[in-house]
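Record features (TrEMBL):
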{"type": "COILED", "residues": "36-63", "note": "coiled coil"}
{"type": "DOMAIN", "residues": "107-193", "note": "domain 'C-type lectin'"}
{"type": "REGION", "residues": "76-99", "note": "region 'Disordered'"}
{"type": "SIGNAL", "residues": "1-21", "note": "signal peptide"}
Amino acid sequence: MKLLFMMLSVSIMLLICGTAASIFSSTEHTKLQSKVDVDEEKIESMNGKLKNLQAEIDELKREDLKKLHSRIENLESTKELHSKPTTSLPESDEDDEVDTTNLAEEADLVSIHSKEEQRFFQGLVREMDRDCWIGLKLVAHRWVWSDGSALDYQNWDAGEPLNWSTEKWVHMRPGNGKWNNVESDYKALVGCKKPAE
């Protein structure tokens with residue numbers, strides 16, 4: 001009888017332990033499942049944000065590519081390099097009144113507004129292997145383009161511009177494409193632009 005009682009006690013203990021383990025396991029499982037559900041929601045939210053960001057990036061890339069294609073087409077249709085050297089550029093008592101439009105067949109000196117334009121025009125100057133006037137000039141202690149457009153890009157050579165009192169015009173060097181200000185009687189090619197016909 002004692003043996004039967006012991007066996008019954010052991011069986012009851014095993015049953016209690018199994019139930020406790022089952023309850024513990026069920027509670028832990030519920031907690032872990034809740035954590036997994038929260039993590040999955042976070043991942044889903046982050047994936048949604050990532051998709052939105054990727055869509056914005058793709059749209060910006062498309063816009064930039066359109067702008068770049070437009071600028072390249074504009075460059076190819078408007079920039080020319082005239083190989084006729086000039087002994088001087090026009091002078092005037094008022095520097096802002098200097099008219100540069102008649103330098104080469106009703107064209108104006110080139111203005112450069114981006115790295116792309118710089119590279120394009122630099123390639124032309126390099127082919128000619130001569131210094132070339134660009135349309136940058138000093139007016140009232142400010143560098144401005146002769147066509148009236150804003151100075152929004154610069155590519156000065158090291159230490160330039162110098163001697164602002166006498167060197168009021170700018171040319172591009174053929175080797176490195178850098179800009180240098182010089183006096184107007186400096187001999188250089190004339191870099192011009194005119195609208196495509």
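Easy rule for this one: first residue shown is 1, then count along the chain.
The backbone N, Cα and C atoms fix where each Cβ goes, glycine too.
As the structure is a computational prediction, the values presented were derived from the model and not from experiment.
Across the domain 'C-type lectin' (107-193), DSSP assigns 14 helix, 30 strand, 43 coil. Confidence in the domain 'C-type lectin' (107-193), given as mean pLDDT, stands at 90.
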